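Peer 1: What follows is a single structure, and I will ask about it in a moment.
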Amino acid sequence: MRINPGEITKVLEEKIKSFEEKIDLEDTGKVIQVGDGIARAYGLNKVMVSELVEFVETGVKGVAFNLEEDNVGIIILGEYKDIKEGHTVRRLKRIIEVPVGEELLGRVVNPLGEPLDGKGPINAKNFRPIEIKAPGVIYRKPVDTPLQTGIKAIDSMIPIGRGQRELIIGDRQTGKTAIAIDTIINQKGQGVYCIYVAIGQKKSAIARIIDKLRQYGAMEYTTVVVASASDPASLQYIAPYAGCAMGEYFAYSGRDALVVYDDLSKHAVAYRQLSLLMRRPPGREAYPGDIFYLHSRLLERAVRLNDKLGGGSLTALPIVETQANDISAYIPTNVISITDGQIYLEPGLFYAGQRPAINVGLSVSRVGGSAQIKAMKQVAGMLRIDLAQYRELETFAQFATELDPATRAQIIRGQRLMELLKQEQYSPMPVEEQVVVLFAGVRGYLDDLPVEEVRRFEKEFLRFMHEKHQDILDDIKTKKELTSETEEKLKKAIEEFKTTFRV
């Protein structure tokens, strides 16, 4: 049999002409550009915004971020160095989910829920999408239970309730993280599960925080979510949503959870980086137009659920860093307007030795007051007034030579109360102890003491109360109010102690 080469060529040409390439452009695509943690892909015609995609050759995941006419912008969740032009991307037809549940307690994970602590895999039984719609008004109930921070200045004048969103704001190195960590340590035995989300921080700083939480036994009920400064912007962007989903698991199963976002300034910077790389139009301070929505959809998920949904709560403590005390910058004003109050820390107070450096005049809690225990309300009302008057007179007193006795008494009281509000780091105080020491302050029992003796008085007085008058502390703890009977006992106890206290 003779083979005619011309005939074979003709057949091949016809076959090639009639060949139709069946590429599935609906569920797959090809990478046309990659770099700086983002990729652009051709195809993926049916992909939805925020949908999870996978780079087939490397197994790395990404999120569809920009849907454009001729391509899809993808943020890469992990190492992008091995992804090359021409690689295949496929839809996964779901959004990012993270493992949730008790299995994560005591663990350090990345924003995808993968362990970073070398303690083996996390065998979680439950998963939750990182983005959900915040529950509406009818699914919520008013904030009515206190979340004790153990910090006198906060629990007395800026009280936080379970289900509240309270912003901690201030310049760098003013003690913002310290307040959040103290609050987590103080939840020991309170039935509150804690999630600490570290965004864009140095790994050494995060390691120090984890070490402190371990040291004080707080890791038993805490999960740490880490997206450090060396992680891609994409992971820093999803970190708070992942932490929120982990906290929501407890809230929706009728328990109480606390999430600390440390900090949302770096979160906004990571989102700005991704948006600019994706060529989204920049707005004020080069942030994209939807930067407000970025934080509002996160913080609206803090909730106090009604009894029908189990009555659980998710409390949020976002942290925002200011530059040179400027709380009127873009991100600070955004987050202030979203949250239910703010704790404002001032470098001036910090360097003057007033720690925690809380500016009580500019700090406010818009809903926590209704969650405060009655005993604390009874002493805190006077405290707030005394300090407000002291702040007014303080500047005036520096210039005035002669002061009338009433003004002098007000300044003396204010100085002692400011001293009383100082507190060591990592030493949160139970609410009943706070009530008795603040009672001594606002009722003038410290007015005749030198300012430098106030801290020693507080320490020895509490020891005396535990040794001789534990019944008063127990009474405040159980009844949650200062009855006239308890008040009389407390006055007698303070007077008794003052006879033995030597200056």
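Each residue, glycine too, has its Cβ placed from N, Cα and C.
Under the heading ATP binding site, Swiss-Prot lists GLY170, ASP171, ARG172, GLN173, THR174, GLY175, LYS176, THR177. Sequence annotations record features per position, and here Swiss-Prot assigns site 'Required for activity' to SER363.
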Peer 1: What are the other residues, in sequence order, whose C-beta lies within 8 angstroms of the center of the C-beta atoms of GLY170, ASP171, ARG172, GLN173, THR174, GLY175, LYS176, THR177 at the ATP site?
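Peer 2: For the ATP site the neighbour list reads GLU321, LEU345, PRO347, PHE350.
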Peer 1: Rounded to the nearest angstrom, how far is the Cα of SER363 (site 'Required for activity') from the Cα of ASP171 (ATP binding site)?
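Peer 2: If we compare the Cα positions of ASP171 (ATP binding site) and SER363 (site 'Required for activity'), the gap is 15 Å.
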Peer 1: Taking just the CA atoms, what is the gap between THR174 (ATP binding site) and SER363 (site 'Required for activity') in Å?
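Peer 2: A Cα-Cα distance of 15 Å.
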Peer 1: Within 10 Å of its Cβ, which one of these binding-site residues (GLY170, GLY175) has the largest number of other Cβ atoms?
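Peer 2: That would be GLY170, with the most Cβ atoms nearby.
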Peer 1: Under a criterion of Cβ-Cβ distance under 8 Å and sequence separation of at least 6, what residues of the same chain contact THR177 (ATP binding site)?
Peer 2: ILE209, ASP262, ILE319
Peer 1: How big is the Cα-to-Cα gap, in Å, between GLN173 (ATP binding site) and SER363 (site 'Required for activity')?
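Peer 2: That comes out at 18 Å between the alpha carbons.
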Peer 1: Find, among the binding-site residues listed as GLN173, THR174, the one whose Cβ has the highest number of other Cβ atoms within 10 Å in the structure shown.
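Peer 2: Sorting the candidates by Cβ neighbours within 10 Å, the top entry is THR174.
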Peer 1: Given ARG172 (ATP binding site) and SER363 (site 'Required for activity'), what distance in Å do their CA atoms have, once rounded to a whole number?
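Peer 2: Given the Cα positions, ARG172 (ATP binding site) is 17 Å from SER363 (site 'Required for activity').
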Peer 1: Given the binding-site residues GLY170, GLY175, LYS176, find the one whose Cα is closest in space to the Cα of SER363 (site 'Required for activity').
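Peer 2: So, spelling it out, the nearest of the binding-site residues is GLY170.
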Peer 1: By a simple count, how many Cβ atoms lie within 10 Å of the Cβ of LYS176 (ATP binding site), its own Cβ left out?
Peer 2: 26
Peer 1: Please report the number of other Cβ atoms within 10 Å of the Cβ of ARG172 (ATP binding site).
Peer 2: 11
Peer 1: Counting across all protein chains present, how many other Cβ atoms fall within 10 Å of the Cβ of SER363 (site 'Required for activity')?
Peer 2: 21
